[in-house]
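Features reported for this protein in TrEMBL:
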- K246, D251, D269, E330: Mn(2+) 2 binding site (BINDING)
- D251, D328, E330: Mn(2+) 1 binding site (BINDING)
- K258: active site (ACT_SITE)
- 326-333: domain 'Cytosol aminopeptidase' (DOMAIN)
- R332: active site (ACT_SITE)
Amino acid sequence: MIQVKDISIDNFQGIINLVYEDQEINNKVLENLKLKKVFEGKSGQVFYKTTEDLNYEIFVGLGKFNELEKTDLINAVAKSVKQAEKLNINELGINFIKANGLCTGGITKSIVQGVKLASYKFDKYKGNKEAYNPNVTIVGAPKEKLEKMKLKIEEASNVADGIIVARDLVNEPANVLYPETLAKRAVEIGKDSGFEVEVFDEKQIEDLGMKAFLEVGKGSVHKPRLIVMRYMGNENSDERVGLVGKGLTFDTGGYSLKPSASMDTMKSDMGGAAAVIGTMQALAKNKVSKNVVAVVAACENAISGGSYKPGDIIGSMSGKTIEVLNTDAEGRLTLVDAITYIIEKENVDKVVDVATLTGAVLVALGTEITGVLSNNDEFYEELVVAARRSGEKFWRLPNDKCFKKLYKGDFAELKNTGGRFAGTITAGMFIEEFVQDKPWLHLDIAGTSWTDAANDSTPKGGTGAPVSTLYELVVKHQCKHK
Ligand code: BES
Ligand code: MN
Ligand code: ZN
């Protein structure tokens, strides 16, 4: 539990102090630590001591005031909570701080995320289940902000739970999580948090004419499901945002088989689906007054005598024909049908697709920046504002018309790969061919939705990206603060 109180000190078992390297010190203990170079407030530093009444004081460094980013703050809070866990502290206080460019709400949100994500583990298959769940109280915050902070804590807590849902879904292995069970999870989550979920089976997907989607899934014993989630938070508006998440519950590559080393994390190829489901939960729990439809075309890219093959020419819900040159470029085939569906059947005005789409985005941007393509500068600016508020990082790549020739088909209208060069762009622009001029954002999260390098707020596995940005993008707060 996290709360905020109008006190500067209380009888906590432990109190956390977040300290800047370059801040003025009016604390004897800190001054001494700094002189002795034991703790200087550098980013990543931790120090703790017992107090006279046998409680603990924990210090965690934030680095320089002007250099602190939102993610650094989240990680510093997570680090201090991890230290508190080692010390068995259940009643934990945390001293409020100021941060460059962040308003009280943004700081509160970061603290809540740091606290909640610090103790995230995916250990259900390991037996050891003592989850650390301290009572955390934020103290020393400006009096006049307390009411606002209480609301923020509640909101941020629901967003953090959305992140956790996304992580859990990504971490679940493909023998447990396949299209049918993913759909079941979505139904349960919808029931718990308050959004409608409709699931279409193979026959119904066929009736909708989603030919490209069906081709990808047809080699697997696990049959595809189309998962449609609707949250209508504003009756007085007919504006609808559409979210589409790539839902490959496993990607072997198909006949264009992946080498083993690239296949071993492919249970995570439904990271986009996980993110939109987590986002729907956060929106519904916070009773956001927006209308959102999310769609996941869930299937498994597997090999069998019935799988699709390189050279196949396939149809799509839009009517466009596609030459399959590489069965490992399957994500875009599922996504374009999901996009046609969400535009034509759910009447959305804008589309955001979220997908673990290309290895190329890892080459271009690494593991901390999501690649973006967009056909609409205003919508992209909304993403920039949302990202400033979430702390997650994005970078836009050009969808220049010069790339079009790379994926123009020889024997069909389009081909599903554009070759080795500009792989993230051609994948995104292939999808753009199906958005019917709706304002569109394409988020390639192949680098950001999974991590091998754990940090204090994110263990190895699913990261939950970009739930918190998608949430902010839909909510569209007027305040442009971080
Ligand atoms: N799911 C993969 C992309 C991926 C790669 C996700 C690494 C996460 C980590 C996608 O389906 C894929 O295989 N893309 C191919 C496209 C290529 C064949 C044009 C790729 O990136 O190699
Ligand atoms: Mn693939
Ligand atoms: Zn894939």
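Note: Cβ is positioned from N, Cα and C throughout, glycine not excepted.
The C-beta environment of E330 (Mn(2+) 2 binding site), restricted to residues of the same chain at least 6 apart in sequence and closer than 8 Å, consists of V216, L248, D251, G254, N301.
When Cβ atoms from all protein chains are considered, those within 10 Å of K246 (Mn(2+) 2 binding site) total 32, not counting its own. Non-local contacts of D328 (Mn(2+) 1 binding site) by the CB criterion (under 8 A, 6+ apart in sequence, same chain) comprise D251, G253, G254, S256, L257, K258, N301. Only D251, D269, in sequence order, out of the recorded positions D251, K258, D269, D328, R332 have a CB under 6 Å from ligand 3.
Classification of D269 (Mn(2+) 2 binding site) by DSSP places it in coil, neither helical nor stranded. Here R332 (active site) comes close to L357, N416, A427, F430, I431: these same-chain residues lie at least six apart in sequence, with C-beta atoms under 8 angstroms from its C-beta.
For D269 (Mn(2+) 2 binding site), the same-chain residues that are 6 or more apart in sequence and have a Cβ closer than 8 Å to its Cβ are K246, L248, T249, F250, D251, N301, G331, T356. In sequence order, V216, L248, T252, G253, G254, S256, K258, D269, N301, T327, A329, G331 are the same-chain residues whose CB sits within 8 A of the CB centroid of D251, D328, E330, the residues recorded for Mn(2+) 1 being left out.
Candidate recorded positions: K246, K258, R332. Not one of them has a Cβ under 6 Å from ligand 1.
Neighbouring residues of the recorded Mn(2+) 2 site, listed in sequence order and excluding K246, D251, D269, E330, comprise V216, G247, L248, F250, M266, M270, N301, G331, T334, A355, T356, L357 (Cβ within 8 Å of the Cβ centroid). Around the Cβ of K258 (active site), a 10 Å sphere holds 16 further Cβ atoms from the protein chains shown. Under DSSP, residues within the domain 'Cytosol aminopeptidase' (326-333) fall into helix, strand and coil as 3 helix, 0 strand, 5 coil.
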